[in-house]
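Quick look at what Swiss-Prot annotates:
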{"type": "MOD_RES", "residues": "M1", "note": "N-acetylmethionine"}
{"type": "DOMAIN", "residues": "11-89", "note": "domain 'RRM 1'"}
{"type": "DOMAIN", "residues": "99-175", "note": "domain 'RRM 2'"}
{"type": "DOMAIN", "residues": "191-268", "note": "domain 'RRM 3'"}
{"type": "DOMAIN", "residues": "294-370", "note": "domain 'RRM 4'"}
{"type": "MOD_RES", "residues": "R385", "note": "omega-N-methylarginine"}
{"type": "MOD_RES", "residues": "R419", "note": "omega-N-methylarginine"}
{"type": "MOD_RES", "residues": "R432", "note": "omega-N-methylarginine"}
{"type": "MOD_RES", "residues": "R436", "note": "omega-N-methylarginine"}
{"type": "MOD_RES", "residues": "R455", "note": "omega-N-methylated arginine"}
{"type": "MOD_RES", "residues": "R460", "note": "omega-N-methylated arginine"}
{"type": "MOD_RES", "residues": "R475", "note": "omega-N-methylarginine"}
{"type": "MOD_RES", "residues": "R481", "note": "omega-N-methylarginine"}
{"type": "MOD_RES", "residues": "R493", "note": "omega-N-methylarginine"}
{"type": "MOD_RES", "residues": "R493", "note": "dimethylated arginine"}
{"type": "MOD_RES", "residues": "R493", "note": "asymmetric dimethylarginine"}
{"type": "MOD_RES", "residues": "R506", "note": "omega-N-methylarginine"}
{"type": "MOD_RES", "residues": "R518", "note": "omega-N-methylarginine"}
{"type": "DOMAIN", "residues": "542-619", "note": "domain 'PABC'"}
Amino acid sequence: MNPSAPSYPMASLYVGDLHPDVTEAMLYEKFSPAGPILSIRVCRDMITRRSLGYAYVNFQQPADAERALDTMNFDVIKGKPVRIMWSQRDPSLRKSGVGNIFIKNLDKSIDNKALYDTFSAFGNILSCKVVCDENGSKGYGFVHFETQEAAERAIEKMNGMLLNDRKVFVGRFKSRKEREAELGARAKEFTNVYIKNFGEDMDDERLKDLFGKFGPALSVKVMTDESGKSKGFGFVSFERHEDAQKAVDEMNGKELNGKQIYVGRAQKKVERQTELKRKFEQMKQDRITRYQGVNLYVKNLDDGIDDERLRKEFSPFGTITSAKVMMEGGRSKGFGFVCFSSPEEATKAVTEMNGRIVATKPLYVALAQRKEERQAHLTNQYMQRMASVRAVPNPVINPYQPAPPSGYFMAAIPQTQNRAAYYPPSQIAQLRPSPRWTAQGARPHPFQNMPGAIRPAAPRPPFSTMRPASSQVPRVMSTQRVANTSTQTMGPRPAAAAAAATPAVRTVPQYKYAAGVRNPQQHLNAQPQVTMQQPAVHVQGQEPLTASMLASAPPQEQKQMLGERLFPLIQAMHPTLAGKITGMLLEIDNSELLHMLESPESLRSKVDEAVAVLQAHQAKEAAQKAVNSATGVPTV
């Protein structure tokens, strides 16, 4: 029996090296014969929900946990032997290094179980692991004993012994800080010198003559290829460190046969890689510090804006050190960077230029962020959204919406007949993972993201009331029921429903139109119209809307305020399509929507483009139905 059980009264086991597909149910089936289990948890990534390869099994009784550890360690689950040990809740026990030994030069055939069986004779083992990669064992491992005395006995007996005909090294585990300190101490007392860039005509004798004046050398070697030709580098090993140091000081950087040679301390590959990594990280940190607060990210650029135009637009705010529009295949990617000489200039540029219309589009300007910072910010947003989704009881899923992302369960309840589905605010983005319109204006099938889904038996609504899935912005109008059920019109939504249909977190706007719709060409007959900023947007029957009012409103109300002012204007142009068009236009950035409210011509242009997209889609759907009817393929 394992004598360490009394030290762990919580009876919690760590189970590692798990196959990614192992679930709590599989572990319960495996461990329940050992005794009653309180809980099992497979640890997973917070975002992807993929298994991290380890789990915790909590038994009711320590004796049951001890029995599982003794009888099930290294058992195979889904083709992989699992590694079981007592759960160490105190991190200081794991990180102190007491009782931990390091073994290297292991044969490839030695696995965790073989290492455990070999070293268990010296004392109770808390943890045992052979380090592996995708190709198998890397030839070294670790054994953590319960006591330091057991570790010392293992080192004394096993160091230098043969395991599977290979002489192994067994020693005390040393932290990276300790190893780096030892390497630094050895580096100061080096005797081996590395020389490179001396050409192809150098041989051992000439190299010895060149460096022999600094002191007696133990060995001199010029590295050659298979034909005996010099590779341009070699080594000289001196007897004393002082001689080696003198050779480096006097010969490094000198010219030899018209070439400047390099002379320095010979390093192992690992040392060189570590030093290069350290230098790279230092350069990266210096660059980040240098550009902190002065580098701006500019997006939503018009296709006609190049580096010079970008520099010209931002030059009034200070000295620009660089301005770059990112390109791909000779075409603008729609974003770029502007770097100023001081943080004050950059801050002023953000204040003045963010939201300003340049050419035909409003700019988004903000301080540039590193990839790690952006990912952390997006992860935080995602976790907040997920937390709010899970807090909403009994959400209702529209049967014509795509399925939620994989790994996310959401209960559905039946809807009352002729009632519109209710979407909690933060669920909208979760329920609509696919884009509303493709580049050709095609609507995705509502079941394309739901493998093996059963189509509902209810009659399919008319196209005028169906909404393809959207990943960002919900429809802002509620369905009005009228006497004629074959025709439904869109009307202004109630304030409560509007607030519920607005996402809690505003993400990057997604433009869902074709390229010609999104980026109007400059060579059209009409010149781009620049409308003077008005103090407020007036819509009959509603209070004036200003940019400051919109900015001060919570994110979940901003789209509602814009939608309530856009809908009556669009309804006057296209009464039957007002709801659809409003929902499409609300995916545009708020600053551009304000501009459209101020400029009737701009609004009409965008509405006409949206109508063209809808008509193209309807024509394509009608043609597809005709083809299916001709070929006898049933339509759904």
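Backbone N, Cα and C define each Cβ position, glycine as well.
Values in this document were obtained by computation on a predicted structure and should not be read as measured data.
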Other CB atoms, at most 10 A from the CB of R385 (omega-N-methylarginine): 20
R385 (omega-N-methylarginine) in three-state DSSP notation: helix
For the domain 'RRM 2' (99-175), residues assigned helix / strand / coil by DSSP: 22 helix, 32 strand, 23 coil
Segment confidence, the domain 'PABC' (542-619), expressed as mean pLDDT: 82
Helix-strand-coil residue split for the domain 'RRM 3' (191-268), DSSP-based: 22 helix, 30 strand, 26 coil
